[in-house]
């Protein structure tokens, strides 16, 4: 439509160049929905994400020390979510102003970088929680060795650095360009570099999403098989129910936030590379734009994990909100997600090598 003056190239934030196909140049469609959907959804994520994660950080820092390994992972997850939601006001303005970016190229690069940094750090922190939980349920002795808070802290630092290192090329791909009086902040890159960007993005997706997703599914599959096997003369313990809640929340975050975004983004890239016809490009572009807010919504869903799995976290949160009596702080955090089977017995020693656990036979678990 001439009134919208919105071609596929404009909707993608691109201008004609050596990498543009004739299909893209000739395909026109209305994308005004984006200028309502994205500002509104990002505003909701900003309000909810900041409102949920800022108090969470405060509780972790001032009320929930000392941390166990799981609390360490959750703190870094909340920190990642908070950093991301603080960048959303610029995107809210950008889409509300119909793709006009007045903040400069450097901030454009940083905001686009921060989106993927949060996305993949969240994926890896959730994977760390999943592996940690798996070890506690299925291999309690190994959990003694690998579940130390210091090791968890080093692993979190490695996650931040590895994800940042993998995404450094994104700082070079993403840029701004002018369209008349409008300044665009590209979500991908220039048309002439799009092929290279797809190769880079696909490698990052496989390494930072595909592998962690597979590891998480395997861990939770093995955990669920063990947890759902009945124990003679024993009801399901609270620790087992907490484990099942953890499985449900993490899988929900993956299913709602991460999987749809990566599937639609892959189809979107393929449609452009294969020069699909206008109707297909139209549909794919709309679906891809719709799933972007879902990827951001993990910043709002992650705090649900803290509520469902941390008894001490819930108590401290009630106190922060004005309800409940103060509880004495103890060294053992009930945020710990490593729990041994109900009918296991352990002898704790100064070192993991000297500790031992006796668990039921495999045919009874």
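Just so you know, glycine gets a Cβ as well, placed from its N, Cα and C.
As annotated by Swiss-Prot, topological domain 'Extracellular' applies to 1-34, 96-112, 175-196, 270-287. Taken from Swiss-Prot, the feature transmembrane segment applies to 35-61, 73-95, 113-131, 155-174, 197-222, 247-269, 288-309, supported by sequence analysis. Annotation comment: Swiss-Prot describes 62-72, 132-154, 223-246, 310-365 as topological domain 'Cytoplasmic', evidence class sequence analysis. Residues or ranges marked as disulfide bond by Swiss-Prot on the basis of sequence analysis: 108-185. Annotation comment: Swiss-Prot describes 333, 334 as phosphoserine.
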Among 108, 185 [disulfide-bonded residues], residue with fewest other Cβ within 10 Å:
108
Of the residues in the topological domain 'Extracellular' (96-112), how many are helix, strand and coil by DSSP?
9 helix, 0 strand, 8 coil
Would you confirm whether the transmembrane segment (247-269) and the transmembrane segment (113-131) meet the contact rule of 3 or more C-beta pairs below 8 angstroms, pairs 6 or more apart in sequence?
yes
The topological domain 'Extracellular' (96-112): mean pLDDT?
95
Per DSSP, three-state class assigned to residue 185 (disulfide bond):
strand
Pull the DSSP breakdown for the topological domain 'Cytoplasmic' (132-154) and write it out as helix, strand, coil residue counts.
20 helix, 0 strand, 3 coil
